[in-house]
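Listed features, source TrEMBL:
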type	residues	note
DOMAIN	25-167	domain 'Lactate/malate dehydrogenase N-terminal'
BINDING	Gly30, Ala31, Ser32, Gly33, Gly34, Ile35, Gly36, Asp56, Asn116, Ile139, Ala140, Asn141, Met250	NAD(+) binding site
BINDING	Arg103, Arg109, Asn141, Arg175	substrate binding site
DOMAIN	169-333	domain 'Lactate/malate dehydrogenase C-terminal'
ACT_SITE	His199	active site, proton acceptor
Amino acid sequence: MFVRAARPTVSLARSLSTSTQNNAKVAVLGASGGIGQPLSLLLKNSPLVSHLSLFDIAHTPGVAADLSHIETRANVTGHMGPDQLDAALQGCDVVVIPAGVPRKPGMTRDDLFNTNATIVATLADACARNCPEAMICIIANPVNSTIPIASEVMKKYGVYNPNRMFGVTTLDIVRANAFVAELKGLDPARVNIPVIGGHAGKTIIPLISQCTPKVEFPADQLAALTARIQEAGTEVVKAKAGAGSATLSMAYAGARFTFSVLDAMNGKEGVVECGYVRSEETECKYFSTPLLLGKSGIEKNLGLGKLTAFEEQLVAEAMTELKASIKKGEDFVANMK
């Protein structure tokens, strides 16, 4: 029996030290970038991974050589440029996609759309041809649009499986846990807050009423905390003053989600993570909610749970933007030549 809002059963620290053995081939597409390198390092450290396949348009052989010197079991291969993309993906069980351009000060996630949409469509096309059964975990922003893009590309090949296509929103949960723990003097490793909706601005909806352990805030503090979680990415972009966006925390969150997927594929029960997926939980085609993961991907969508009036209002306010982002992604693929 699982508890809907339970802390995901695999913490990052435990993933690195567990004796669980698995023969999973995991590809990181965008492995030389600001997220890709630390993400690849975390994956290399895990006994859940037997083959780490790294792809990017530049520098991948060096990243692969560097990581291959680490004394863990994962074999590392580096693949560079379009000609080597197919080889990087063949036989993969899980594909993690942090590829794309990062946000700069003044940019919204939507400003990234044209560049990252083309990148994600190209990579999804390669996944459809080379590893159609793989779990696809997309980090590339804007996630609210890139998941519809990848889904539509997979549909064109007749290999779309909504239970194996994930938008990685884990960073929103990680941030919510960290911020609430800080405010309440709690151990962040024991805090779990579901975050639903999407992965940009007001579409990010932290369900603080469903926090484990239970916490309460006055209305004004709750509103400020919610706004901080929603705009936490911008907080990092500003703090880096033009030198990038959230890379280290995103790598941590991406690794956490990947380890959960791998654990579930290995038969571990009760693995729960939030993810932005094809959904019938709301009027939006895609929506992030807690998901029970299994050997074949999503085993059960655990839904929104009981919302407060404040949270219901947040959901209502997110709908227009979320629907527009989804349509933008679908239209992009429909208009592709």
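Every residue, even glycine, has its Cβ placed from backbone N, Cα and C.
Structure with TrEMBL features highlighted.
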residue	record	contacts (Cβ under 8 Å, 6+ apart)
Gly30	NAD(+) binding site	Gly36, Phe55, Asp56, Ile97, Pro98, Ala99, Gly100, Ala140
Ser32	NAD(+) binding site	Leu54, Asp56, Ile57, Ala58, His59, Thr60, Val63
Asn116	NAD(+) binding site	Ala99, Gly100, Val101, Ala140, Asn141, Pro142, Thr146
Arg175	substrate binding site	Ile229, Ala232, Ser249
Met250	NAD(+) binding site	Ile35, Leu39, Pro98, Ile139, Leu171
Most Cβ neighbours inside 10 Å, all chains, among the recorded positions Arg103, His199: His199
Nearest-integer angstrom distance between the alpha carbons (Cα) of Arg103 (substrate binding site) and Gly34 (NAD(+) binding site): 12
The residue listed as 'active site, proton acceptor' versus Gly34 (NAD(+) binding site) - Cα distance in angstrom: 19
Candidates Gly34, Gly36: member of the binding-site residues with the richest Cβ shell (10 Å): Gly36
Counts of helix, strand and coil residues, the domain 'Lactate/malate dehydrogenase N-terminal' (25-167), according to DSSP: 65 helix, 30 strand, 48 coil
